[in-house]
Amino acid sequence: MVTLRSRKSRKTTRQDTANKAMNQAQSEPTKDTEKVTEPETGLPEPTPIAADESEFKGDGESLDELAPENVGGGIDDDMDDAEPLKDDKEKDLTGDGGVLKRVIKRSQTSWEHPESGDEVCVHYVGRLKSDGTQFDSSRERGEPFEFTLDSGSVIKGWDIAVKSMAKGEVAVFEIAPSYAYGEAGAPPKIPPNATLEFEIELLSWHSVRDLFGDRGCVRKVIREGSGWEHVRDGDEAVTFYRLVRRNGEPVQDSAEHELIFAVRRDTEMRPSYQGMPVPRCVERAIRDMKKGEVVELTCAPQYAQEFTTLGLGASDSAVIELRLAKWHRTTSLADGQVTVKVLEEGEGWERPNEIDSRCRIVIDGSGGGIEEEVTLGDGSMACTGLEMALAKMKKGAEAVVTIHSKQYADPATPESELPKSYHVKLCGFTNGKQSYEMSPQEKIEAARRHKEIGNKLYKEQRYDRAEPHYDFIVNAFSYDADLPADLKAEAAELMRAARLNLAAVYEKRRRPDKVIEHCNKVLERESAQTKALYRRACAYIARADYDEAASDLRRILELEPRNEPAQRKFQELKRILREQDRRDKAFFASMFRDAKRHPSSSSSSAAAPAATMSSAS
């Protein structure tokens, strides 16, 4: 049992250990979950905590008999496993001093907190603040206390206190009368206007959510999942469900049904499986479930009947057990023109580099599923989309790669066969040297090679694959202080060419901001570089920054009066400006005509005060 000190002694201890307490201050992250409907009115007045011990005997189970599945992952009642805090910062949970919290033992396993509507299980010891008299203890009774947060079943201060805790945490709360039993108290144990101290341990909780705010479908966590990740938009969820109760009656040996669907949070269109819409409560419930998590869905008839495989009638209510077995993470590349659905994550964290990585792969339907070796970035892979996908996979990973556009498909693939999917396994890979691992001479030789490959890919209009080759050169020579003097000139030339080529790549990909960024870098060193000026002018025109474009084009013609591309672009710019002037004149002329035909109400109202003043005078 933790001994409670007086406020004066606590304050002295905190002053002696201020630095340590500050280092121990904990943050309290919140969960992004569905909003829970407030409890309905008409609930009974909050029950005094152990004012009558008979009120808290529960269903007769002892602490040792409470199985993990009955208490949301099991009860950790071992206070000796973790080192208790000697003291911690006192936190004002309400902002008015009504509920003060001091942590005694932090959670060793979780950072999540229960929320309104959750069913929680706690141990507690209650004392009067005035003299330390103990008036109640679940520990002495040998059984924990369970209640639903914000249901009106406990004092207000308890709801606030427990919602601030993590599983396994132990804390002392000082609760003012306005958050406890007020002026009346709870005789005979709690006098009027009593400030109370509770030492509370949060053993576990069941997360309970009203999914649609109408009490038509309530989700309750039965078994917590693993890890911290949740299913994301676009992922393919693999779920199983079975009927547990029909109209309140248990259903024995109910078969489990599979349900696989793509998660879509940003659309009103419901996902489907085998031609049937996915039940709304399933799609909503899995959004904040973890892998392996099991929940119960208590469904009113309007939601229960969406489970068409269960044979429920139009008026049947149901309790359905839902399990999120796993999900296949799905990512989009090239603005959605290539999608990668990961079937097996693979091992480790390392991935192939976009260039100079030798990969051992198996592609079903290509070579009869025989392992083959490819080198990323050298242009040897005909399907650009597959090459991009391999750079996102780990060793041993398996994925379904879907190519949606001709640009990223194998040139031999007819457009009529798109989208086309490949089942790919990355058996292993070996990455080539990075620029920071190379000697100066090796950097120069590698940069020459990457420039050649990049130019080849650019001419083939494979702009996405040309880009990493030019990026390699930029990264290799961003800091040239370690280069010998005889290599600096060639490095500078390679760097200039790479940045100009990157500007050309981004111009093709309609990204004017990136074009301007790379041209600016070239012009910082060579202010009269006409290629950089020209490409930047084109990017300015794409952004409708016409004054900046005109300035760059004039500069080019000052340097090279016979530069034909610049002359043509300047004439194009003049046409754009003339057309803009014509539209502006037409717009304003139309606006003035409308103003003459229909005098505005504001003009009439503006004249009224003058007339009034004239009359008054």
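Positions of Cβ are set from backbone N, Cα and C atoms, glycine also.
According to TrEMBL, the features are:
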- 1-12: compositional bias 'Basic residues' (COMPBIAS)
- 1-95: region 'Disordered' (REGION)
- 15-28: compositional bias 'Polar residues' (COMPBIAS)
- 29-38: compositional bias 'Basic and acidic residues' (COMPBIAS)
- 83-94: compositional bias 'Basic and acidic residues' (COMPBIAS)
- 117-206: domain 'PPIase FKBP-type' (DOMAIN)
- 530-563: repeat 'TPR' (REPEAT)
- 593-617: region 'Disordered' (REGION)
- 600-617: compositional bias 'Low complexity' (COMPBIAS)
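Taken together, the residues of the domain 'PPIase FKBP-type' (117-206) have an average pLDDT of 94. When Cβ-Cβ distances below 8 Å are used as the criterion, the repeat 'TPR' (530-563) is approached by residues 499-500, 503-504, 507, 510, 512-513, 515-516, 519-520, 522-523, 569-570, 572-573, 576-577, 580 of the same chain, each at least six residues removed from its ends. Remark: secondary structure over the domain 'PPIase FKBP-type' (117-206) totals 15 helix, 37 strand, 38 coil, with classes taken from DSSP. Mapped onto DSSP classes, the repeat 'TPR' (530-563) shows 27 helix, 0 strand, 7 coil.
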